[in-house]
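For reference, the structure is listed below as structure tokens.
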Amino acid sequence: MASEDGVEHGPVEDGASLLKADERAKSRESDLEDASDREDTWYKIGRETPVKAGCVGTIMILSIGLPTLVYLIAFSGMGYGEEVFTHTRQSNEGGWELAESFGPTSLGGFLATMVIVALVVMYLLDAEIWTDTIAVRVRRLLLVFIALMFITAVILLAAEYPYGPLCLLLIGIPILQVVIHRVIMKIDPRWLGAAFPTGFRDYLLLLPEPLILIATITLASWLGWVIEGDNEWSKERKSDYAEDLDCDDNQDCLGGFLLWISPLLCAAVLYFYAAFAFTFRPGRKQSELKILGAVMLLVILSLWVASSLAGVSEGLTAGIFFFALAALVAVGITSALLTEGGLEALLAEMKEKGEKAVSGVHPDWLRALFVLTAGPLVIAFFPISYLNQRLRKCSCLPCTKYVEKGSDEWKLRLTHEFHQRLERARQWNWTSVLRKVVWLGIAYQILVVVVSKFTVLFLAWLNTAIEDWSLGAIVGITMAVGLILFLLPPVPGAPIYVTAGILITASGRDSMGDAGAVCFAIMISLATKLIACYLQQVGIGGTIGSYVWIRQICMVNTPMIKCFRLILEEGCLTLSKVGILIGGPDWPTSVLCGILKIPLVQTQIGTLPAIILIAPCTMTGAFYYYSGEYPDEQWGTLAVIAGLIGGGVQTGSLVIATFYVDKVLRERRDEVDAIADDEEVKAADERGVALNNKREEVAHWSRLQTDDYKWMRRLLYFSAYSMIFACYVVTVLPTHCFRTFDLTDSVDEKLHGAAWSVTGDSGITKPLGNAVLVLLILSSVGLWYFKHVTDQLARAEIGKSVSPEDAESKKEPRFDKYIEEGVIDDEF
């Protein structure tokens, strides 16, 4: 077919054919791009730019390997860590004239104080809003100087806070990578050639292999040092560290333990960063906010895991918690750097998406969490904000913010920014917030004090009390005590398994042999777990699950619990089901299965893989027993490694459960929404909302400002302040509150013959710890009495609004009334 110009063309294709051809071409191009993305990054770079790939790889290995080497030499038992700790302790004890004259009794404390003072001074001078080129450079130099002072303070305080250097390494590695990337970009903006992007995210894609390489070398070096160098963790080495580092008498030397295990923790840090960087590989790209949220969840899970392993080793518990906390800080820094727009953009995204994520959570719970964790810091910020405003008003410093005289901002005593935040806080219903502060504090104290200290104390006493009994009696007592403890909601299973490993192995080794006794202890622990799950599911969940108030507490109508139902009702043994059954807290998980009517056979079969968690915990107890019998052998080392494996398995199962719950909520949302609501619970929730509104009305903060109810306001103040103080003291000064005590310790030897004493001279608590317990009790009693009074006021108000005949007809049984009142509180 010829056109008007006489040139012959092929057949004219219609628009639809052309569109389809274009779509096919785009699809082929997309497939090629996907195939290219799936190709190994280092392989592509090495093939196309081998010289630059070699240079970049060498720089990365050195940037990771050198800080790791410095850390291992200076702060581990493989290097000169013991000498560094001893020298810094002696320097701090000797003090420094300048430091002593300003208050702190050590140079490290003085430098830490100076870091805080320098940051406060920069805030007073409004350094965050400086825009002049010279001012910006001065700010950067000041921040570098402050960072150097902070690093020096951490090093000097390493003997008192031995986890500090490890946290410093964890935070420092990503910052160092950012600096190196910027230096490379200044030298050669196309440092990978024209065919490859060179942003920081692209730099991050190349880090997993170097991180894994250095981590593997570190781990292999530590294992060789332990096995070949006769450096196993034993009582003799523990006592040597305690003597050399001048630890207190009869106390575990946390510094010594971290010196010994620090290479292993260092390898874990590097493996963690490798996994973090790997999530940004093509095809696995995740948003920075989602990864940051996952690490925040990891911190919460680590608190539970650390409490579970409290009886294994005090150092192991502290190491897990501070590792997770430092990981949160480090990932937060990296996420802010990766996010386009920096920290401000990340915070804005957190606010936007966070409101959606917690849409089902009452905002007063989040406010209470903020008050509990940051409340004292806000109070300390008042005088700083006042001084900042005074400097702005005097206009004597050109670097501060200009405030026009006579303006509304000029009339404020505090800075405009801080004043706005206070005004928003004044709109809160502080009655609800402060009550929830006390409830959160109680939950925290249960984990940190009740579970971590007194449960371990009881099991250690049990070890000593029945160690000479027959094997049958020990098995019976161990299972009975284990079942009782399993029926208590806050008690985790790990201490029970460790106790079984100690007692049953010690009693059964003569008749069964060492290996047979350990295997028998594992089987008894598994049987205890299965029986406990049966009792919790059938005896508790299946029985009381018929009560509406129980189903309300378990929130059976929420999407999260419906998601649990979908996963737990799966017919086969899926990874998600196993993750929930063995990774979740023992009591709530099994009771929820009973309430949701999950078939017993499925839950029992799904719980069997819990042996991968039970085995390392039980072996930890057995190895600790053998370390006492054979102090010159490597049983102590194996006990620590087994404990770490147990903690890793528990954390991993929790992460798996969380991942699959999120996946089901995203991918099977229609099935979740299709599950019918429990009508009885729905009706009770509606009644509860109405009654709860009345209770909130009669106890609203504005009403507590009147003279008739000011005593209630003071009571609530006292309960909340006492709880905040108790939580801060336990967190900041744990060694001043409680004596370290493990499952293998003796009350007579370690605690001077008494489990607890009023004066704190002996027992697990010190005088400050007893004060914390008193505050905890007083705060809890104050909250109970406040609730009791508000209940009476609410009932009186409701009674005024209905006639006597209607009130009698609508009167409910006393038991149901208290049930509804408990649920309306929304405290659970």
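Yeah, the Cβs are placed from backbone N, Cα and C, and that goes for glycine too.
Per TrEMBL, these features apply:
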COMPBIAS  1-12  compositional bias 'Basic and acidic residues'
COMPBIAS  20-30  compositional bias 'Basic and acidic residues'
REGION    1-33  region 'Disordered'
TRANSMEM  53-74  transmembrane segment
TRANSMEM  107-126  transmembrane segment
TRANSMEM  138-157  transmembrane segment
TRANSMEM  204-227  transmembrane segment
TRANSMEM  318-343  transmembrane segment
TRANSMEM  364-384  transmembrane segment
TRANSMEM  437-462  transmembrane segment
TRANSMEM  469-488  transmembrane segment
TRANSMEM  515-535  transmembrane segment
TRANSMEM  605-626  transmembrane segment
TRANSMEM  715-733  transmembrane segment
TRANSMEM  768-786  transmembrane segment
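Against the transmembrane segment (364-384), stretch 715-733 shows more Cβ pairs under 8 Å than any other of 469-488, 515-535, 715-733, 768-786.
Count of Cβ pairs under 8 Å against the transmembrane segment (515-535): among 437-462, 469-488, 605-626, 715-733, the largest is for 605-626. Through the fold, the transmembrane segment (53-74) approaches residues 42, 45-46, 80-81, 84, 155, 165-166, 169, 172-173, 176-177, 180, 184, 191-192, 206-207, 210-211, 213-214, 217-218, 221, 262-263, 266, 270 of its own chain, all at least 6 residues removed from its boundaries and within a Cβ separation under 8 Å. Looking at 437-462, 469-488, 605-626, the range that has the most CB pairs within less than 8 A of the transmembrane segment (768-786) turns out to be 437-462. Distant neighbours of the transmembrane segment (605-626): 312, 493-494, 497-503, 505-506, 514, 517-518, 521-522, 525-526, 529-530, 533, 568, 573, 577-578, 581-582, 633, 635-636, 638-639, 642-643, 645-646, 649-650, 653, 742-744; these residues of the same chain sit at least 6 beyond its ends, with a Cβ under 8 Å from one of its Cβ atoms.
Beyond the transmembrane segment (469-488), the same-chain residues lying 6 or more positions past its ends with a Cβ under 8 Å from any Cβ of the stretch are 455, 459, 462, 496, 499-500, 503-504, 507-508, 511, 524-525, 527-529, 531-532, 535-536, 540, 586-587.
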